[in-house]
Amino acid sequence: MYRPSIIHGLRLYSTKSTRKRELIDRIIRVDHAGELGADRIYAGQMAVLGKSSVGSVIQHMWDQEKEHKAKFEELIPKYRVRPTVLVPIWNVAGYVLGAGTALMGKEAAMACTVAVESVIIDHYNSQLRELISLGKEENKELVEIIKKFRDDEMDHHDTGLKHDAELTPAYNALTLVIKTGCKAAVWLSERI
């Protein structure tokens, strides 16, 4: 008897199933890397500005990023996703970015937050559209996690603006460089 789903003893997977698996792998890998990077950015900012007037604001955002990172560290083994091999690089790069912008002043640290979070908000929204297109109920857990984290990132973005991010000298140039770096990190982490 001919079975179209079996060829020479190997089961072929549906296109939707394969797309979903690849999407989930990519989402968890890149989001874990991003949340690790955010954790390191805030660690660097706290090392420089922890005792300043914005220290408690940065600490609050950092605590949320720690929660995000922990959730993705829980999802990696659950979904059997290989983390990006670039984790050691993002660990150092995030800390250097956070400390470097904090050394430029609290406004620059907040400009860094605004730049990073604007990229992440767009990224999370794209992921939500992709997940929902493959079945909102089938992907409910990830949809809910990403929605919550996106909303937290939106709050961080707005907090940065409220704390004078736009007063940073060369704000547009600084945020453009940071956004470009974030987009490159996303692209690489999705693939490597």
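Note: Cβ is positioned from N, Cα and C throughout, glycine not excepted.
What TrEMBL records for this protein:
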BINDING   E35, E65, H68, E153  Fe cation 1 binding site
BINDING   E65, E117, E153, H156  Fe cation 2 binding site
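It is 11 Å from the Cα atom of E35 (Fe cation 1 binding site) to that of E117 (Fe cation 2 binding site).
Taking every protein chain shown into account, H68, H156 are the binding-site residues, and of these the Cβ with the most other Cβ atoms within 10 Å belongs to H156. The 10 Å shell around the Cβ of E35 (Fe cation 1 binding site) contains 24 further Cβ atoms across the protein chains shown. The number of other CB atoms found within 10 A of the CB of E153 (Fe cation 1 binding site), across every protein chain shown, is 26. Listed in sequence order, the residues of the same chain lying 6 or more apart from E117 (Fe cation 2 binding site) and placing their CB within less than 8 Å of its CB are E153, M154, H156, H157, G160.
A C-beta separation below 8 Å, combined with a sequence spacing of at least six in one chain, links E65 (Fe cation 1 binding site) to E35, A38, D39, Y42.
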